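A.B. asks: First the structure, which I've put down as structure tokens, then a few questions once you've had a look.
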Amino acid sequence: MAGQQFQYDDSGNTFFYFLTSFVGLIVIPATYYLWPRDQNAEQLRLKSLRRVHGRCLWYRLRLMKSQQSFVPTLKKAALLFGWAVFLLLAYKVSKLDREYQEYNPYEVLNLDPGASLSEIKKQYRVLSLKYHPDKGGNEATFMRIAKAYAALTNEQSRQNWEIYGNPDGPGATSFGIALPAWIVDQKNSMLGFSFSLSIPFLFVFASIFGDQILINTTQLFMHFMYKTPNMNMKRLAMVLTAAFEFDPRSNKDATIRPTDNIEVPQLIRELGNINVKKKEPPFCYPYSLKARVLVLAHLARMEVSEELEEDQRFVVRKSPALLQEMINVGCQLTMMANSRGGFHAPRLVTIENCMKLTQMIVQGLQESKSPLLQLPHFEEEHLRYCISKKYKVRSLQDLVSLKDSDRRSMLRFLGEEKYDEVLSVLGSFPHITMDTKLQVLDDEDSNNITAGSIVTVTVTLTRKRMAQGDSSKTKTKVWQNKSKGAKKTAKSKKKKLTKKKATPAPAKTKQANGNVAGNVPAAAAVKEDEDEVSDKGSESDEGEANKDSPSERDEDSDKQSDTEVDEIAGDDEEEWEALQQSIQRRERALLETKSKVTHPVYSLYFPEEKQEWWWLYIADRRDQTLVSMPYHVCTLKDTEEVELKFPAPSKTGNYQYSVILRSDSYLGLDQIKPLKLEVHEAKAMLDNHPQWDIPDTEEEDEEQEDSDGIEESEDDDEDND
């Protein structure tokens, strides 16, 4: 019986296949993620953003970083070396001989398959004289020739070759390991151990590559959001800065410096009441207290020392991702509360405070501050010019809607260059138009919302620059006014026509010759027209009366029913096409991978380039609950279509919801659109559908047809017999 053998690759050929795959697994993703961008292209991009984003902190840091050219050079050198090793290994693999070939004795003897016994013996004698060791030939070649001759002439060897592919019979099952024997040798044990350890380390490194959130942090957020469903902004800042990402024991990038014992208490005195005496862990831990102080100093736009500024940038840079994780945790708790019950879900105000705190951190503004402070050259003392009784400008939209002369007069504290810069920055801000469509996709009547059905709200978002958006808005208002005026004139014309028709007509008398008698010519003309109409009507009445009664009337009714059926079929086709288009859009959205690079955010104090993203969700603001989970829109460059799904209420009636769009980068640009929901009773399920009700006559006819068929088949059988 054949045994089993485990063997390493002594020649090292199969190891080259493994090593080539291993190096390619490292080099290809590393090149995609780590290859530095073209410096010229990056410089051109930064130059194009200079007019708007030149004063932003992230822009200045990126400009300083791009000047350090030795880092991209080292990256390129390391990646090119990796590619050289990969190509060398691939070339080595391509030159390896095939070791595993099917054994064919005819090929060894240089004979055609099916050669006769005499030809085999003759060829064997010729090759033996040439390769026999006694004649100075190669011993290994002669052994292969002798083995092939035995396989073709010996009956047992021939059977073994035909059955097992080997003249010697079944061999031991061999399991090869694609590692060379020297790597597991006792002398090279440390080398083999380090090599085997590098494989799982590669996958661990790939899994933590990127901006991930620690599991302990997620559990911490879940605990406090469950404990405090209604969380105000102060409490939220404390929970945020308690994340383990800021703890040096969990994250090596976080640092605790000896100078923190002096600088952090000084910042606490300047900030005022920040709940320092709270003994609840982990809020009382040094890393949490330091992170909270740095975040609050960032919101207050306070200056800190150079060492603390570096730590502050780290904390601020990490905060938006942590707040997004808090929103995800709040949504998970809400879904658990809706499905299981037994505990209170986080309130809507808690989730919205997370979104608002993200805006505040990106812009470096406190909650009570004016959104106008997001613009350059605006300070607290300048706001009194804006909120005066003459202008009443409190938001960015109010500033855009002003006339240019009034705006220039209001911002007279700015010079010409600063004023132009403010206008260019204001023009880069987004203006979003939001269109909603409410329907039930999987129902026969998509516009009829029944209790418990799955409602789909399709929201179309269109992004324009703020100046363009407001000008288009004014244009639509003018257009709407014109349409209203046109509608009013049309209504007035209709009223006049109805008044004319409603006036009682004078009595008409016909003479014997058929002429209409009258004194006033105009009235006579009107009467003649009316008589013609009445004559035509009488002729048509007579024609209808003279019709061959029921048949022609049935034809008319059939025509009417056909037109109605065509209209219904047309509506069904339109609904079907709309459904197919929505399905195709969803399939394309699943297959497409859109870039999350949308528009750079104008943020004066955020240390990293931030892309413009949004949250979209449906909420019941009266009950302070989420209706649909927030969808993070990360690909809105020009236009984006988002589908929000939620179950309709189980009780019938009218419901007032809100479709809410919130920015994760700007203050004062959020939008709320009302959504009215009218829920009807669900249709009762029919136990016996009419299409399954077969009349008794049809059943009898089918039975008779079956019996006739059987009788005919019997007669045919008899005839055949």
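Placed from the backbone N, Cα and C atoms, the Cβ positions cover glycine too.
Whatever TrEMBL says is automated annotation, not expert-curated.
Okay, so TrEMBL annotates it like this:
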COMPBIAS  534-562  compositional bias 'Basic and acidic residues'
COMPBIAS  563-577  compositional bias 'Acidic residues'
COMPBIAS  695-721  compositional bias 'Acidic residues'
DOMAIN    104-165  domain 'J'
REGION    465-578  region 'Disordered'
REGION    687-721  region 'Disordered'
TRANSMEM  15-35  transmembrane segment
TRANSMEM  70-91  transmembrane segment
TRANSMEM  199-226  transmembrane segment
A.B. asks: Taking only the residues in the domain 'J' (104-165), give me the average pLDDT of this model.
C.D. replies: 79
A.B. asks: The transmembrane segment (70-91): which same-chain residues, six or more beyond its ends, come within Cβ distance under 8 Å?
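C.D. replies: That would be 16, 19-20, 23-24, 26-27, 30-31, 34-36, 39.
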A.B. asks: DSSP-wise, what's the residue breakdown of the domain 'J' (104-165) into helix, strand and coil?
C.D. replies: 47 helix, 0 strand, 15 coil
